[in-house]
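Okay, structure first, notes after.
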Amino acid sequence: MADLTTTLGPLTLPNPVLTASGCAAAGRELHQFFDVARLGAVVTKSIMTRPRSGRATPRMAETPSGMLNSIGLQGPGIDSFLEHDLAWLAEHGARTVVSIAGGHTDEYVELARRLRGHPAVSMIEVNISCPNVESRGQVFACDAIASSRVIGAVRRAADPGQPVFAKLSPDVTDITLIARACADAGADGLSLINTLLGMAIDTDTMRPVLGGVTGGLSGPAIRPVAVRCVWQVRQALPHLPILGMGGIRSGLDALQFILAGASAVSVGTAVFGDPLAPVRVLAELDAELDARGFGSLADAVGFAHRDVAALV
Ligand SMILES: Cc1cc2nc3c(=O)[nH]c(=O)nc-3n(C[C@H](O)[C@H](O)[C@H](O)COP(=O)(O)O)c2cc1C
């Protein structure tokens, strides 16, 4: 059995498999199937300052090898989150990565301040795939300057003991430019990737399938895009820790991300079909590391980059 301990910047985790934001709420539902404290950490649904009801229905559509969602950032708001969700996670001994989202830099800052001093918060993941209200709705993560402003402001406002990871969108021409801007602004690491913007048309009604018209594509269909993003960012910024995700359903899928340069992975869409997916992926990853003679997960991180000059 390989040593599965991993680090995400200053944070040490007993193993590298986490949930993905928005796919396991705040852990309660998954806890019916397995003890969520067994995971590296639970990543919570992106929380905003105030309660929100999300976007119009229908909000989900199946696609070949994936799904589209336009949930919007439905959630209870930070007050209720702290009182009910974070308290529940702490009670159950789960390490928690709190995902935060906003429409203004000030909202992200307020959220980071509210999380200060909470021992149950292991890390903050900043979901910057949100429309920037001050910039005609342009998604923060699609603009290096807007990304760096939010991440810099969150890093300054957050508890110095809580690592801040920026979660990037793949819907950009060069993800390494955004990655570098976030790193320069003080990000302790990056979460790669959020969903890809997609759309489906119902050919009976001849209208968009989703109430929100467009939605985020996730699941195995996006895995090669996600692995490519992890690879490119690892090459550009070899010392910046990466939490990888996108279509992971098995230990072998997770291993691709680790070999590309991720120090840990999140399992998202897979839990809708198989609630045990995160713990199964963990066991399978362990076996695959053993089968390849890795004594520790750390030895496998970025292993595919060795002798890379020979590959290009
Ligand atoms: C239903 C659904 C809701 C999501 N909600 C969020 C969210 O609130 N915040 C966020 O950063 N990402 C959210 N995501 C994106 C996932 O965290 C993840 O980055 C993406 O789905 C790729 O991983 P996967 O293919 O394993 O699902 C959501 C994804 C899905 C499918």
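Cβ atoms are placed via backbone N, Cα and C, with glycine included.
Bear in mind that TrEMBL entries carry predicted annotations, made automatically and left uncurated.
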Of Asn127, Asn132, the one that TrEMBL places in the same substrate site as Lys45, Asn69, Ser70, Ile71, Gly72, Leu73, Asn194, Thr195 is Asn127
Identify, in sequence order, the residues in the chain of Gly247 (FMN binding site) that are 6 or more apart from it along the sequence and have a CB within less than 8 Å of its CB; answer 'none' if there are none.
-> Ser65, Gly66, Ser218, Gly219, Pro220, Ala221, Ile222, Arg223, Ala226, Asp253, Thr269, Ala270
When you measure from each Cβ to the nearest atom of ligand 1, which of the recorded positions Ser21, Ser46, Ser70, Gly72, Cys130 fall under 6 angstroms?
-> Ser21, Ser46
Which of the three DSSP states, helix, strand or coil, fits Ser46 (FMN binding site)?
-> coil
Of the recorded positions Lys45, Gly72, Asn127, Cys130, Thr195, which one sits closest to Lys167 (FMN binding site) when you measure Cα to Cα?
-> Asn127
